[in-house]
Amino acid sequence: MRLRFNKNAETSLMASPMTFKDFPIDNKKNTILEIGMGRGTMLTKLALMHPDIEYIGLEKYSTPAYSALKKAIDLNLENFHIIIGDAINLSTYFKNKIKTIWLTFSDPWPKKRHYKRRLVYRDFLKIYQNVLDKDGVVYFKTDNDMLYQFAIDELKEINAKIIYQTSDLHHCNFKIENVFTDYEEKFNKLNKNINFIAFTFN
């Protein structure tokens, strides 16, 4: 699933009005954010389906973000934007609270000494709590069973409210508009279970 490095990606992203460059941004009240957007397959599809909602993809690396940009341009999206940055700086990016956060197939950082880098580590969860609307929700999807259990443990540690959890998203009864990411499409074809948690901080 790795993309070949594109040396022109960063320049193209910075030249596009779809890429936010000045912070904090005056985001809309109904903003939906995906952290670790990758190629943007899920988020651009959602933006196309819901033109009245603002979708923002946060991505650390320019090459996959450029793929997302090309998708958005091809679809003529006016409600989709990109931030090139790190989740650790999330609180500096927005003036207004976020309605929904998606964490999709984040790097599991499997080595024990790297546990603080996992995007469901308690320090990151507290950052999400700071930017999320009081009625907002975080959705977490992963194929990694270890990361799923780690997320549950971390959420309990900070007394977050788990609304729903399942180790088999594609065969559960939870009502959610689930659009596949590239990774999810691949794992679905392999019949790999997808873990899912919906949580809030109220």
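Cβ coordinates come from backbone N, Cα and C, glycine included.
These features come from Swiss-Prot:
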- Glu34, Glu59, Asp86, Asp107: S-adenosyl-L-methionine binding site (BINDING)
- Asp107: active site (ACT_SITE)
- Lys111, Asp143, Thr181, Asp182, Tyr183, Glu184: substrate binding site (BINDING)
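Distribution of Swiss-Prot features across the structure.
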{"residue": "Glu34", "record": "S-adenosyl-L-methionine binding site", "contacts (Cβ under 8 Å, 6+ apart)": "Met42, Leu43, Tyr55, Ile56, Gly57, Leu58, Ile101, Trp102, Thr104"}
{"residue": "Glu59", "record": "S-adenosyl-L-methionine binding site", "contacts (Cβ under 8 Å, 6+ apart)": "Gly36, Met37, Gly38, Gly40, Ala65, Ala68, Ile82, Ile83, Ile84"}
{"residue": "Asp86", "record": "S-adenosyl-L-methionine binding site", "contacts (Cβ under 8 Å, 6+ apart)": "Lys60"}
{"residue": "Asp107", "record": "S-adenosyl-L-methionine binding site", "contacts (Cβ under 8 Å, 6+ apart)": "Gly36, Arg117, Arg118, Leu119"}
{"residue": "Lys111", "record": "substrate binding site", "contacts (Cβ under 8 Å, 6+ apart)": "none"}
{"residue": "Asp143", "record": "substrate binding site", "contacts (Cβ under 8 Å, 6+ apart)": "Phe105, Tyr183, Glu184, Phe187, Lys192, Asn193, Ile194, Asn195"}
{"residue": "Thr181", "record": "substrate binding site", "contacts (Cβ under 8 Å, 6+ apart)": "Gly38, Thr41, Met42, Thr104, Phe105, Lys141"}
Per DSSP (three-state), Tyr183 (substrate binding site) is helix
Among Glu34, Glu59, Asp86, Asp107, the record's S-adenosyl-L-methionine binders - longest CA distance, Å: 14
Fewest neighbouring Cβ atoms within 10 Å: which of the binding-site residues Asp182, Glu184? Asp182
Cβ neighbour count (10 Å, all chains) around Tyr183 (substrate binding site) is 20
So around the S-adenosyl-L-methionine site, Glu34, Glu59, Asp86, Asp107 aside, which residues have their CB within 8 A of the centroid of those CB atoms? Ile35, Gly36, Met37, Gly38, Leu58, Lys60, Tyr61, Ala87, Ser106, Leu119
If you pair up every Cα among Lys111, Asp143, Thr181, Asp182, Tyr183, Glu184, the residues annotated as binding substrate, what's the maximum separation in angstrom, rounded to an integer? 25
